[in-house]
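Here is the structure we will look at.
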Amino acid sequence: MTFDDKMKPANDEPDQKSCGKKPKGLHLLSSPWWFPAAMTLVILCLVLSVTLIVQWTQLRQVSDLLKQYQANLTQQDRILEGQMLAQQKAENTSQESKKELKGKIDTLTQKLNEKSKEQEELLQKNQNLQEALQRAANSSEESQRELKGKIDTITRKLDEKSKEQEELLQMIQNLQEALQRAANSSEESQRELKGKIDTLTLKLNEKSKEQEELLQKNQNLQEALQRAANFSGPCPQDWLWHKENCYLFHGPFSWEKNRQTCQSLGGQLLQINGADDLTFILQAISHTTSPFWIGLHRKKPGQPWLWENGTPLNFQFFKTRGVSLQLYSSGNCAYLQDGAVFAENCILIAFSICQKKTNHLQI
């Protein structure tokens, strides 16, 4: 045995133990069942892959649906939160509105009570006015009947005068014709006829003048009858009538503002000239305790009390009470209340009584 032979690897030598035996791997490949098993395994892998793909796709769809559902929930939460805020705001607004409405109700209730009181006063004034209008209506009807009788009489006289004038005109015409026929007659006859013509002409002129006067009287009476038909009474609407004066209760304003209002209505603040006037006014305001300015004032303490027209106060009818000794820049002004006359600062607010002369029907 050479050195090279000794150096050969031991595995080059045949394995005695493996002689006569086939390898196990080769034995499996040579088995008739390995191909169907492999195909089955491949199919299972494909099915599993497809299933995984489908499941993954469905999972993505479910994930998208969950995201959309989450977004919808978020949106609904925002909407719900907005609704809750709006409801809270509405409740707060409702509370404020309730408070505001309650305040308005209280104010309206107070105004309603004031209006009810004013309505009672207006009802009394309306009753007094209706009585005054009834008296004026009775007076107006009598005046109209009287005027109608006068107009009928004048119209009848006018017709008579017109008839007389026509007769005179006819006589003049006849005389002129006779004068024309007698133009060739004697001068004496002409003078006689001319004298008669002059006399008749003079009478005609007198009758014409009387007729014009009657026409003017007729026109004046017709105008008076028209005024009587339109005459609603000696006092304007809402004014009270007492003897020769009309009275209006209005306000409330300061003394100066009431004075200006009375002047704009053609009158002045109340001036009491007699006990009868004072009794009427006190009776007219006996249903209320409100103060009423009258046209009596003075500039400074110690100076005389003067009416609006400058005449001094006659203490025979009444005296002022509760006169303040304090000096006001606007002076002291008098007012009626509870049947007495008081004096106070002229800038205070009170009702007033306007006064003006009655407007009698002129015939």
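The backbone N, Cα and C atoms fix where each Cβ goes, and this holds for glycine too.
Since we're looking at a predicted model, the values are computed, not measured.
Candidates Asn72, Asn184, Asn309 were compared with Swiss-Prot; the annotation N-linked glycosylation site appears at Asn72.
In the disulfide annotation of Swiss-Prot, Cys354 is paired with Cys262 out of the candidates Cys246, Cys262, Cys333.
Looking at Cys246, Cys333, the record from Swiss-Prot puts Cys346 in a disulfide bond with Cys333. Each residue contributes its Cα atom, and for Cys346 (disulfide bond) and Cys262 (disulfide bond) those atoms are 16 Å apart. Mapped onto DSSP helix, strand and coil, the domain 'C-type lectin' (242-355) counts 20 helix, 41 strand, 53 coil. Neighbours of Cys262 (disulfide bond), defined as other CB atoms within 10 A of its CB across all chains, total 23. Counting only the Cα atoms, the space from Cys235 (disulfide bond) to Cys354 (disulfide bond) is about 12 angstrom. If you compare Cα positions, Asn72 (N-linked glycosylation site) sits closest to Asn92 out of the recorded positions Asn92, Cys246, Cys262, Cys333, Cys354. Mean per-residue pLDDT, taken over the domain 'C-type lectin' (242-355), amounts to 87. Counting every protein chain shown, the number of other Cβ atoms lying within 10 Å of the Cβ of Cys235 (disulfide bond) is 22.
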